[in-house]
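In what follows, a structure is listed as structure tokens, so that the remarks can point back to it.
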Amino acid sequence: MNPNCARCCKIVYPTEKVNCLDKFWHKACFHCETCKMTLNMKNYKGYEKKPYCNAHYPKQSFTMVADTPENLRLKQQSELQSQVRYKEEFEKNKGKGFSVVADTPELQRIKKTQDQISNIKYHEEFEKSRMGPSGGEGLECERRDPQESSYRRPQEQQQPHHIPASTPVYQQPQQQPAAQSYGGYKEPAAPASIQRSAPGGGGKRYRAVYDYSAADEDEVSFQDGDTIVNVQQIDDGWMYGTVERTGDTGMLPANYVEAI
């Protein structure tokens, strides 16, 4: 059924229908309320569901109110009521405030990572408290660099150990029995039957808990179980000392050795 025009109240057929301001109009009836200028959907402005042109669109004006004592009192009372209501709502919602966060895959990944970090820290503290202060150093080094140890060990087995030819010694066999693993702790490999005597000296003595291959000229290579003498601490990550088996002196990583 065809609707009626909002202005002339006659039937509006689809060919001349204008649907605007929640009403139906003839194209000729859709004009400004003041100047009767024909309008369209691009240049009309609606006010109280009536069409107006841009020139005759009603302007909103503000009424000036005198700043009398009565008005000041009402203004102050309104502000006090707003503050009281705000404080009441604040006290009511105190401790209950929370923000809703979308459960995205990125947030799930971050939450899972935080749970894993917390679990690792808990087990680390538990192992330290169970082993005591003296037995926890080797495990700490083992936990700190397990990947570096497994990465460097095959490289050390492939390369023969360099021993100066000036002193006749028996060469250590390359293939050594694999170190057995109990939990997170690895037994050191069996040392060579005959080792070259290195000049002893004072200072701190450390024992290697991993194999290490020198990556620079000022570093030294050593094997698991070697004794490092004359050790001097450079910083938190590096030391300087002499490998007692080979007599080489240079820098070595601090997390590859433990104090004797």
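Positions of Cβ are set from backbone N, Cα and C atoms, glycine also.
Taken verbatim from Swiss-Prot:
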| type | residues | note |
| --- | --- | --- |
| MOD_RES | Met1 | N-acetylmethionine |
| DOMAIN | 5-56 | domain 'LIM zinc-binding' |
| MOD_RES | Lys42 | N6-acetyllysine |
| REPEAT | 61-95 | repeat 'Nebulin 1' |
| MOD_RES | Thr68 | phosphothreonine |
| MOD_RES | Lys75 | N6-methyllysine |
| MOD_RES | Ser99 | phosphoserine |
| MOD_RES | Thr104 | phosphothreonine |
| MOD_RES | Lys112 | N6-succinyllysine |
| MOD_RES | Ser118 | phosphoserine |
| REGION | 123-204 | region 'Disordered' |
| MOD_RES | Ser134 | phosphoserine |
| COMPBIAS | 140-155 | compositional bias 'Basic and acidic residues' |
| COMPBIAS | 171-180 | compositional bias 'Low complexity' |
| DOMAIN | 201-260 | domain 'SH3' |
TODO: List only the single closest residue to Ser118 (phosphoserine), chosen from the modified residues Met1, Lys42, Thr68, Lys75, Thr104 by CA-CA distance.
DONE: Thr104
Task: Cα-nearest neighbour of Lys112 (N6-succinyllysine) within the listed modified residues, Met1, Lys42, Thr68, Lys75, Thr104 - done: Thr104
Open item on the list: Here's one to test understanding: among the modified residues Met1, Lys42, Thr68, Lys75, whose C-alpha is closest in space to the C-alpha of Thr104 (phosphothreonine)?
Closed with: Lys42
Task: Candidate with sparsest Cβ neighbourhood (10 Å radius) among Lys42, Thr68, Lys75, Thr104, Ser118, the listed modified residues - done: Lys42
Open item on the list: With DSSP assignments reduced to helix, strand and coil, which class does Thr68 (phosphothreonine) get?
Closed with: coil
Open item on the list: Can you break down the domain 'SH3' (201-260) into helix, strand and coil residue counts using DSSP?
Closed with: 3 helix, 29 strand, 28 coil
Task: Nearest of the modified residues (Met1, Lys42, Lys75) to Thr68 (phosphothreonine) - Cα to Cα - done: Lys75
